[in-house]
Amino acid sequence: MSIGTIVQCIGAVVDIQFPRDAMPKVYDALVLQDSGEASFAEKGLSFEVQQQLGDGVVRTIALGSSDGLRRGMPVSNTGAPISVPVGHGTLGRIMDVLGRPIDEAGPIAADEKRAIHQKAPKFDELSPSVDLLETGIKVIDLVCPFAKGGKVGLFGGAGVGKTVNMMELINNIAKQHSGLSVFAGVGERTREGNDFYHEMKDSNVLDKVAMVFGQMNEPPGNRLRVALTGLTMAERFRDEGRDILFFVDNIYRYTLAGTEVSALLGRMPSAVGYQPTLAEEMGKLQERITSTKTGSITSIQAVYVPADDLTDPSPATTFLHLDSTVVLSRDIAALGIYPAVDPLDSTSRQLDPQIVGTEHYEVARRVQQTLQRYKELRDIIAILGMDELSPEDKLAVGRARKIQRFLSQPFHVAEVFTGSPGKYVPLKETIRGFKMLVDGECDHLPEQAFYMVGSIDEAFEKAKKLQ
């Protein structure tokens, strides 16, 4: 084990000099030694080697606060990448980027440790999946169904409901699924992590979830690596032959941490100031989130969209890797329709008659056609009013407005602030309800009857009460 000394410290980037014949490899973990003198530097602070500068000097990223560091402090080389505990000992626990417990519930009883940098599975080990994963959320099950073992992205700007949608999916899938889940909180609010922990605890599914957090108050090194820590734990369960759910909130913060690190390392920025290695970093993470012949990882990722611009390099790079994209729209949220999913922008590879069946496919496409027609007529209505439309168009607008309201749904996780109990709608009920709407069987019902209900039967009951 070689010992080096700190020669330069700029924010989270620390240069450390080692003997020339004992230079650490890229991605090796280094640990700050106790020099015996008074300093408020974090004890046992870890560093990850990013670059070899020559003459025995390596450039590293501190995985923790670099406050209190100074030149000349001794640092030892562990000779291996960062390794984190994996296996059943991690379930029900909250850990940081290095796999250390932060829930004050004692040490983690894991027999095995695994390096966070792993190769993606080989091509011949991959297993394509066409099984559908029912979420109980009407708009998602209808227009952008999820695949078991697939990758899903929840795209949205600030405050349109990504985290609430993520929580509802965890509530509906993790509880129904009864399998194991891993949650990686990447650069999000600590309060949300706390809410998530208590939500899981109250639902009695805490013993099936491993939680890893690198929140927004942490240095960029932690936020950059915490997604890999969570993924390493999920991969271990997958390699056991299990079906795993892997939740990431938020992938954009992973990119942002990469941007901060890249700038500190002195790389030339590319478009919009992002790191030049954006596509490679995203690919390294996403290619590992995959299903093999032994087990599957179904991944649900929240993706923040800066300034609601889906063409921004970060969300645009994420799009490439996903099977389903759920786009949350500010315009729909402004109408008070929650979940604010845009049924025209959201897509899924699974929406194929050979996978979902002809009936589901046709109903989904007819719903989208009706909504698209309404979108086209909106300008005419705004200028000339409804009276100028042809009878067919009036009918289409009436149906579209009912469909729009029927796409709303009360959530279990939002019961506290909506006051209405959450609804889980099975896929068959969802298809039946929308089929009746597009077939004109509900033309006589008022629009309000469809707002914030579960199944179509509830809409009929609500209509009776409104009369």
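Even glycines carry a Cβ here, placed using N, Cα and C.
Remember, it's a predicted structure, so these values are computed and weren't measured experimentally.
Over in Swiss-Prot, the protein carries these features:
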- Gly156, Gly157, Ala158, Gly159, Val160, Gly161, Lys162, Thr163: ATP binding site (BINDING)
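Location within the structure of each feature annotated in Swiss-Prot.
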residue : record           : Cβ neighbours (10 Å)
Gly156  : ATP binding site : 28
Gly157  : ATP binding site : 17
Ala158  : ATP binding site : 11
Gly159  : ATP binding site : 10
Val160  : ATP binding site : 26
Gly161  : ATP binding site : 21
Lys162  : ATP binding site : 26
Thr163  : ATP binding site : 19
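Sitting within 8 Å of the Cβ centre of Gly156, Gly157, Ala158, Gly159, Val160, Gly161, Lys162, Thr163, and not among those site residues for ATP, are the Cβ atoms of Tyr304, Leu328, Ala333. Annotation note: Gly159 (ATP binding site) sits in a coil segment as assigned by DSSP.
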